[in-house]
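Student: Pasting in a structure now, in structure tokens, and then I'll have a few things to ask.
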């Protein structure tokens, strides 16, 4: 009987023994294939260039995380599979088969499992791909007619990635068998568990690991923009935590006789110490993946809330126009009312002021919208946002105090609270920092609220902007009259903001929270 026939018979006869292992491999392939099919499918092209680019980037990140998880999962599962088969493999050696031949049998058997799981998983993934995409786009609230479309590249990538991982594990198992002695193979299940030795190097690694984790959390609390550095430090530190710190802790407990010999502690502590030494990489990986999963899920809900807030800002006005020149707002309103009934409108003047903070070059050219407190009150009333007035009072803008309104276009803020700003060489202390909608994203600047006197002083050197915003019904049809409105405006000094159009540029955020739920 040939080596292949022996391996095939083993695969066929032992399929019930490793059913769960086989099913888990198939499930991994199904999930991977669905993500790759979606990433390379025609449905993504319907989202538009920018949304497609961001959405594909998210899918690529998730695919990388999924592949890493698959790698460690298959590593762990194949180790258990090999350990459970070592006695059977030892019998082959006892019968006179060369270790290299036995290794080939194991290698072929593992590859048969990999090929079978890959083919079955890919077929199931292809069949379920349309259903998977429908669910994702439905959660994301995309009105897309999903068709059954599977690119050959998606299938090739899926099979290639999975088979590369399985090939690596099969080669690793082959080398392990070739290097093993017959006695070790026969007695693999009877192998005594030895207590890990804690030497000076382990203590050093434990200390470094705790420092890395501590410094990582310090960085993220001090400055959230160091998130990538924090991630790397905490991941490395986590492996050290499970591989060294816990060894040191268990060693201290073992040396503490009053604890060790109390009740069943001697059995529990020794067993835990051995398990952590043997499987620390698995435990660390599970801990990191669990934290990652929790974070992604939390981020998904956070992004949903972020999108809803951005949607409110973007759609505050159906159409908004800002210009440094006077323009006929009545003519604009007349054209728009032909499309739909007016809900509300706002016409006002605001100041655009440059920062003069010379000591900080990156802020030197920042521009701010400046409003007086009275103007802020009037605008919120016109927009129907009077409820936001309870957040403020005139004492907040007395003297050189000011209110800081975050830029509406900011999806997420990673910066610390601003304590002061310098406008026209005058330093204003920030008494309150918040995020409310004033002009929506039509004027996508940070807004500073000052008292009336300071406003008049800044007005002398600032650029005055004429602003007009209007909200109407049937706003999706504004596109039909925009060109005609633009003919009566000086496009060199005037900017227009069409809310429904701008909303489409951030639809990728909906995809993030939809895919994050998976």
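Placement of Cβ uses the backbone N, Cα and C atoms for every residue, glycine included.
Curation does not apply to TrEMBL; its annotations are automatic.
So TrEMBL lists the following for this protein:
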- 17-37: transmembrane segment (TRANSMEM)
- 57-77: transmembrane segment (TRANSMEM)
- 61-177: domain 'ABC3 transporter permease C-terminal' (DOMAIN)
- 89-107: transmembrane segment (TRANSMEM)
- 119-140: transmembrane segment (TRANSMEM)
- 155-178: transmembrane segment (TRANSMEM)
- 198-218: transmembrane segment (TRANSMEM)
- 230-252: transmembrane segment (TRANSMEM)
- 282-303: transmembrane segment (TRANSMEM)
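I'd like these features described in context: how deep, what's nearby, how far apart.
Tutor: Under 8 Å from some Cβ of the transmembrane segment (17-37) lie the Cβ atoms of residues 59, 62-63, 66-67, 70, 73-74, 77, 80-81, 84, 113-114, 116-118, 120-122, 124-126, 128-129, 132-133, 150-151, 154-155, 157-158, 161-162, all in the same chain and six or more residues away from its ends.
A Cβ distance under 8 Å defines the sequence-distant neighbours of the transmembrane segment (57-77), meaning residues of its chain 6+ beyond its ends; these are 21, 24-25, 28, 31-32, 35-36, 38-39, 161-162, 165-166, 169, 281-282, 285, 289, 292, 508, 511-512, 515.
Through the fold, the transmembrane segment (198-218) approaches residues 229-231, 233-234, 236-241, 243-245, 247-248, 251 of its own chain, all at least 6 residues removed from its boundaries and within a Cβ separation under 8 Å.
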Student: Counting by DSSP, what is the helix, strand and coil composition of the domain 'ABC3 transporter permease C-terminal' (61-177)?
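Tutor: Tallying H, G and I as helix, E and B as strand, the rest coil: 101 helix, 0 strand, 16 coil.
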